[in-house]
Amino acid sequence: MVKICCLGAGYVGGPTMAIIALKCPAIEVVVVDISSARIAAWNSDQLPIYEPGLDEVVKSCRGKNLFFSSDVEKHVLEADIIFVSVNTPTKTRGLGAGKAADLTYWESAARMIADVSRSDKIVVEKSTVPVKTAEAIEKILTHNTKGINFQILSNPEFLAEGTAIQDLLNPDRVLIGGRETPEGQKAVEALKAVYANWVPEDRIIATNLWSAELSKLAANAVLAQRISSVNAMSALCEATGADVTEVAYAVGKDSRIGPKFLNASVGFGGSCFQKDILNLIYICECNGLVEVANYWKGVIKINDYQKSRFVNRVVSSMFNTVSGKKIAVLGFAFKKDTGDTRETPAIDVCKGLLGDKANISIYDPQVTEDQIQRDLSMNKFDWDHPPHLQPMSPSAIKQVSVVWDAYEATKDAHGVCILTEWDEFKTLDYQKIHDNMQKPAFIFDGRNIVDVEKLRKIGFIVYSIGKPLDSWVKDLPAAA
Ligand SMILES: NC(=O)c1ccc[n+]([C@@H]2O[C@H](COP(=O)([O-])OP(=O)(O)OC[C@H]3O[C@@H](n4cnc5c(N)ncnc54)[C@H](O)[C@@H]3O)[C@@H](O)[C@H]2O)c1
Ligand SMILES: O=c1ccn([C@@H]2O[C@H](COP(=O)(O)OP(=O)(O)O[C@H]3O[C@H](CO)[C@@H](O)[C@H](O)[C@H]3O)[C@@H](O)[C@H]2O)c(=O)[nH]1
């Protein structure tokens, strides 16, 4: 029986291995982690991450050919194929701070694999890493072993949170990069054979190692660039009276462009886009490609601009101050159908409003109070470390309350900010919300999910990203 071990039981390691176990009953899959709390949660009824469809898959395989364990070394020793799906955060200190990927966790995983192994192994890069990481990992492995053959493969993951199970079951492509030697190609074939259990052959693409590593960064950079392009356009729409939804629809109808990833928003978030673009920028700079680095910096600059533009709209519309006012925040996760808050635009928006002394009442169906308090107090990039190595929760910010109901959050509020596109926010009883708010009652829709006309009829003053402005908002223009 082929044995797979995955280091890292996070958003990638957990769901990816669960699907391999589901689709490959003849393979034993063990997911290990240095956080024993995470492993305990994977073995419980309350999985550590929320992902539609994940519970069912885990329940059907756990204890059969899918296992979660803290005994890292035992399972590495026994495995034929080792996936490494550990954190690769942005460095916060030293050379490349604020941009370069911090490979501490990857390096320690590689050293441990070298120490523990007694037989040949295929080591698969699942984490997103800088191009040429495989070369460094190869050096660590080969300089520390006793004649054992390690083949390194790059197999970047393209799943998106909220749709991870569907993305894994039906991937657009699976990318496998390996050395162009006979041993390298044999390892590529072995990994191909795993995916071939459910992925059509023409969607499994073999490339060289460096193309696979760079393709992951490139794909995220291009996706984020589409969002920044439409978000940049949203500012122009507000200035001219065009409607960004109509513009995006018209643009996306061009078959060369396509309709996906053209939704204007309060900004993109998530653990990947900003981190991976910063990483790309650093690699460009290291290669002397300043113009290329500056090009990609623009994508992040527009994203930051979009978040601060939103805060400015809120404050300027509400008589240029939110001091002492209650602002309801609906949605804190970085997108719907996940409880993940890493780099969510809600953090920057809330911090902006707190800077203007607002009192904030937050409701998100999947995010806990503890998580929100930690997010609002943590330093940039501290969130992307193993759970038990993150800073302890500091004292709570008292201007922030977290409630478990949208009506409670909006009661007596002066304004409402919609920051995540949860489906339930589309069908709220907005008449009831209006009745219970201070007047004039404002709604700032950062996800373009509400029916603007309907809400204006109820009596709300509505701001919706990139849509023709309410005359009230137009008369109080926000400085960018
Ligand atoms: N989240 C996504 O949607 C996504 C998608 C594609 C790629 N990625 C990439 O995959 C990687 C993992 O991301 P994630 O979101 O799953 O992170 P995560 O923080 O959810 O999980 C990483 C896990 O690795 C564990 N870990 C760290 N060092 C370890 C070690 N030496 N041995 C065993 N376990 C160790 C941590 O405790 C943590 O539980 C990152 O490189 C990320 O950029 C993420
Ligand atoms: O038209 C759009 C699409 C997305 N977003 C926002 O962009 C962010 C990222 O969304 P999405 O890409 O759907 O989620 P992620 O889980 O971050 O997935 C991205 O990052 C992963 C980690 O690298 C990759 O594997 C995926 O392919 C890539 O889509 C979220 O804040 C979304 O709200 C928009 O604002 N407008």
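In case you wondered, yes, glycine gets a Cβ from its N, Cα and C as well.
Here is what TrEMBL says about this protein:
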type: BINDING; residues: 8-13, ASP33, ARG38, 86-90, 127-128, GLU161, 272-275, ARG342; note: NAD(+) binding site
type: ACT_SITE; residues: CYS272; note: active site, nucleophile
type: DOMAIN; residues: 328-452; note: domain 'UDP-glucose/GDP-mannose dehydrogenase C-terminal'
Checklist line | Cβ under 6 Å from ligand 2: qualifying recorded positions of GLY8, TYR11, ASN87, GLU161, CYS272, GLN274 | finding: GLU161, CYS272
Item checked: Rounded inter-Cα distance in Å - ASP33 (NAD(+) binding site), CYS272 (active site, nucleophile) -> 20
Check: Around THR90 (NAD(+) binding site), how many other C-beta atoms are within 10 angstroms of its C-beta?
Finding: 20
Next item on the list: Using DSSP with the three-state reduction, classify THR90 (NAD(+) binding site) as helix, strand or coil.
Entry: strand
Note to self: Quiz question: given the binding-site residues ASN87, GLN274, which has the greatest number of C-beta atoms lying within 10 angstroms of its own C-beta?
What the structure shows: GLN274
Notebook entry, point to check: Counting every protein chain present, what is the number of Cβ atoms, excluding its own, within 10 Å of the Cβ of GLU161 (NAD(+) binding site)?
Noted result: 24
Next item on the list: State the count of C-beta atoms found within 10 angstroms of the C-beta of TYR11 (NAD(+) binding site), not counting that atom itself.
Entry: 22
Next item on the list: Determine the Cβ neighbour count for CYS272 (active site, nucleophile): the number of other Cβ atoms within 10 Å of its Cβ.
Entry: 24
Notebook entry, point to check: Looking at Cβ-Cβ distances, which residues of the chain lie under 8 angstroms from GLY8 (NAD(+) binding site) while being 6 or more apart from it?
Noted result: VAL31, ASP33, PHE83, VAL84, SER85, VAL86, ASN87, LYS126, SER127
